[in-house]
Amino acid sequence: MATLIGFLGSACGTVGGVGGGGIFVPMLTLIVGFDTKSAAAISKCMIMGASISSVWYNLRVPHPTKEVPIIDYDLALLFQPMLMLGITVGVSLSVVFPYWLITVLIIILFLGTSSRSFVMGLEKWKNETLDKQKARQLETVDSRGELIIGMDYLPLSSGEEKSTMEVMCLNLRWKRVLVLVAVWACFLLLQIVKNDLKVCSTWYWVLFFLQFPIALALFGYEAVKLYKEHKKRMSTGNVEYICEASIEWSVLHLAFCALCGLLGGTVGGLLGSGGGFILGPLLLEIGVIPPVASSTATFVMAFSSSLSVVEFYLLKRFPIPYALYLSGVSVLAGFWGQYFVRKIIKILGRTSIIIFILSGVIFASALTMGVIGIEKSITMISNHEFMGFLGFCSSQ
């Protein structure tokens, strides 16, 4: 049962770009019988496995309409540092926050993002229906009886179909990937050193707050780059968007993206998810098309979840045999989930399916984690347990 749920959760979670942590944690707690901390740790292992296999699959898939990578590296560089910073903050807050408050936050946040994603899916479905109707109306038959299709509604093509290796070379941007790996390594090094220090000691807090300038430096560099490029294009009358997001890169929008990235990571740290529950819907909200939003969110989650897995391994939070088995299930699920959904999209011609899957996974997570959280909170009240905030230093 756990294998089946894990497979389906990984498949749907990676396609939607949300990871599936909200499904894994209740499954591991109720069905397998792990405690909450071990379940959160193994959940990260499953998210990492599914994300890595999905990234590998997506690197072999061309962009649906342009000669650009299907992973938006500009957005990845913008969100990854804030997401990883948020995860470290969320892990710390999970020690302090009472269980009932975390449950309330889960229900409000997940139901809100799920509802908004569902509305976006309906809007996208309607637009796709209108495009199909317009394409049919523009179909005409010339004097020879040959069918002519309105070219405005066909995806861009470069003529000859590219080989898998050519697509992978186009999708990989090694300089951008190395920057992301460098930031990942910095965060990992800080976590390793910090774990060997006494909690709440001077050096512990020095290393904890050292993560902020590292994350803000990379975010600031990418934000300034997007802002200057946007200003330059506006001054020359170039209306083409810099990246996949169809928004103006103003100071307000950049600050909003920073806040959402930090919030997504914090939620991921609190719940043991990958932060994709915020990042996936956010990318859709700023105008990124579903296939690119899914690929980019999964790419970012591969970094954030792998950081958490290494940290949990150092803390000996999960049994390795279970983690390896369930991660293997997630690797297969991530690959085949992407394969089957993209086949369905190709047949139906509707990318809105990705948005509906994303919305469904978030809603299912809200139900499962909400029910478990409410049940546990009622038990704590019945047993007259302490329901307030805990001290960070005294509770570790």
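Glycine too: its Cβ is placed from the backbone N, Cα and C atoms.
Curation plays no part in TrEMBL annotations; they are all automatic predictions.
Checking TrEMBL for transmembrane segment across the ranges 31-52, 251-272 points to 251-272. Stretch with the most C-beta contacts under 8 angstroms to the transmembrane segment (322-341), considering only 99-119, 177-193, 205-224, 292-315, 353-374: 353-374. Per-stretch counts of Cβ pairs under 8 Å to the transmembrane segment (353-374) identify 99-119 as the leading one among 99-119, 177-193, 292-315. Long-range Cβ contacts of the transmembrane segment (177-193) within its own chain (Cβ-Cβ under 8 Å, at least 6 residues beyond either end) map to 73, 76-77, 80-81, 84, 88, 207, 210-211, 214-215, 218, 303, 306-307, 310-311, 314.
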